[in-house]
Amino acid sequence: MGAPLYIPIVQHIGFLVSLLTNSLLLYLIKTRSGKLFGRYRVLMICFCVYCLLYAILEMLTSPVVHIHGAGILFYVNSFLKNDLFWGTEMSVAYSACFALCISLLANQFVFRYFAVCRSNKLYYFDGYKLYLWFIPPLTMFSVWATAVQFVYVPNPETRDYFRNMTREVYGEDIDQIAYVGPLYYTWENGKRQFRLPDLLGGLLICIIIGLSFTICIICAYKTYKKLNDLTHQMSNKTRDLNKQLFWTLGLQTLLPCFTQYTPVGLNFTFPLFEIPAGKFANIVGVTPCLYPAMDPLIAILMIARFRNWLFRKDSSSAGGSGARVHAHVVNIHDSN
């Protein structure tokens, strides 16, 4: 009885590895890139900070997830478990981080699209304009958090629905633990009684995910096509750097597909059909904590300058002539 032991073990390991890998990537961005990436450095730094924030929220919630009939129970299993206010608020913030993640990735794809396909428009990212690009991700985060806050926080109906299951499976009193979770419908006199706010909340979440992924796919396709256009006037060094950053972004998008959005999407879908996933829904409590630990490794291993430093193959210094050549080539775009 109680939450499976492997959940907190994996979560703590993921947290420690996240601190290590993200700190290393921040160090490499600061010391090894110089002006190499232009304004793109800011986007990379912000994503590292996001991963660290996500890992901290993961530890503050230590989520346990269970699908029961037409509902999903997401309860806090950390030291905030019995703090009904802060535990619930941390759950809301943790959940909304899914929206922040995918929208920040979309931002990076948009930047790479402009850098490769619309370099004469890169002044959109100059100065304070760059920081305006963080308004859409923060808006997505706020919309998601608001939906969860007003629809999925504890209420008498969900408490009654999850009460017996929580006591029998996890040995917890639903009235004493912080949780969030939708309940799509209940059965009364043999008929489904749909809960419209919960369904609309789920639809809104799906729209946010779909919109962000659509932006990523469109920008990725156009960027890839342009990078492989032999008639495009781009030096070999610039083309190579842009390909490294493009494939880094591609893998950084695939990773959350397997560690976050597919598990989360299935968890939001299964209750609609009352698929009895039960404790198997805890994959959402395990795989997401691996994401902030693994994501920086993609950039470290895919970007040649970082990879060479890691394996001690970089013979030139960060401020050497090679860096100056790259900086000049890339900043041609930044200055347009």
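If you go along the chain as it appears here, the first residue is 1 and each next one adds 1.
Including glycine, each Cβ sits where the backbone N, Cα and C put it.
Unlike curated entries, TrEMBL annotations are predicted automatically.
The following features are taken from TrEMBL:
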- 6-28: transmembrane segment (TRANSMEM)
- 40-57: transmembrane segment (TRANSMEM)
- 92-110: transmembrane segment (TRANSMEM)
- 130-152: transmembrane segment (TRANSMEM)
- 199-224: transmembrane segment (TRANSMEM)
- 245-263: transmembrane segment (TRANSMEM)
- 283-304: transmembrane segment (TRANSMEM)
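Nonlocal intrachain contacts for the transmembrane segment (283-304), taken as residues 6+ away from its ends with a CB within less than 8 angstroms of a stretch CB, comprise 6-7, 10-11, 13-15, 17-18, 21-22, 24-25, 28, 44, 47-48, 51-52, 54-55, 58, 62-65, 74, 101, 240, 244-245, 247-248, 251-252, 255-256, 258-260, 263-264, 267, 310. The stretch in closest packing with the transmembrane segment (92-110), judged by the count of Cβ pairs under 8 Å and taken from 6-28, 40-57, 130-152, 199-224, 245-263, is 130-152.
Within its own chain, the transmembrane segment (6-28) is flanked in space by residues 44-45, 48, 51-52, 54-56, 58-59, 62, 64, 77, 282, 285-286, 289-290, 292-297, 299-300, 306, 309, which lie at least six positions past its ends and keep a Cβ under 8 Å from the stretch.
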